[in-house]
Amino acid sequence: SLSAGLDLPGRCLFATLTLMTLIAILVFIEEAVYIYRKIPSSKRSIIIWINAAAPVISTTSCIGMWVPRSTMFTDFTAGIFFAIVIHKFLMMMIKECGGQKMLLRRFENGRFTISTGPCCCCCLCLPRVPITRQTLFWLKLGTFQFAVLRPVLIFLSIVLWTNGNYVLYSMSPKGPALWISCFLGALTLFALWAVGIMFRKVRILLKCKNIIPKFALYQFIVILSQLQNTIINIFATQKIIPCAPPLSSTARGSYIAQQLLIMEMFLITVVSRIVYRRKYHDLEPLERAAEEPGDKKQPP
């Protein structure tokens, strides 16, 4: 078994990382109970979903660490959950503005700046798009397509893998792994682009809601769970990470990625509890601004 092949420092490391995962789960459960009791029902489920991202990734990494053969399934489970969380974060920003109708009223004459990362940060010549129901629909579609298509592609990858046609981390153009990975990368960029466009517009309005630290935590989850894993896996496949018998280079790279994620997601879970648990001031209602011109029209 895996534990039998570990020396004493290895067993202490595995026990410590497992304990960190259990603490992260308990912190999330306590936070979910608090959110369920204190947060309005319209925003309750969205905030719970976003807070669950770090402990879920930590749990899947811990399972993959103890059961190496389950890495394919644990990585895909974390990927599906991550895709849903991206859509939920966009919806949270809309909810914090008071909903779609209130957001359209607040930015009635405003425009979205689409020259933002990660897709078009260098394309400064792009025009600014007016904020309408149609543009909001396209932004929501940008994250919703990721939440729908990524599970479909992951399911297709598992089917091909069980049949022996899908080789994980394979860079061969003849295999499906490279093409599925490239398509998933494009879908990810479009989803992150939609969230970036919305955040750039509402970050000043939602400053009282501490949206900047929340967005920073969301960005850390994106970078650590996606970019960090990709870099480590590339290093492992290119033999930059040396093998350490009985572990091959790819297996050792997978272990390193999983152990780093457990520690990082534990810290993000603790910080998220602090950021999301604070009480914030509500946005100033628009009724005052709407009443002022109406009062002038009233007869004396």
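Just so it is clear, glycine is given a Cβ too, placed from its N, Cα and C backbone atoms.
Unlike curated entries, TrEMBL annotations are predicted automatically.
As the structure is a computational prediction, the values presented were derived from the model and not from experiment.
Some features that TrEMBL has for this protein:
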type	residues	note
TRANSMEM	13-34	transmembrane segment
TRANSMEM	46-67	transmembrane segment
TRANSMEM	73-94	transmembrane segment
TRANSMEM	137-161	transmembrane segment
TRANSMEM	176-195	transmembrane segment
If we skip the immediate neighbours and take only residues 6+ beyond the ends of the transmembrane segment (73-94), which ones have a Cβ under 8 Å from one of its Cβ atoms? 43, 46-47, 49-50, 52-53, 56-57, 60-61, 63-64, 100, 103, 136, 139-140, 143-144, 146-147, 150-151, 154, 157-158, 191-192, 194-195, 198-199, 202, 206, 211, 215, 218, 221-222, 225-226, 229
Distal contacts, the transmembrane segment (13-34) - CB-CB under 8 A, six or more residues away: 3, 6, 48, 51-52, 54-55, 58-59, 61-62, 65-66, 259, 262-263, 265-266, 269-270, 272-273, 276-277
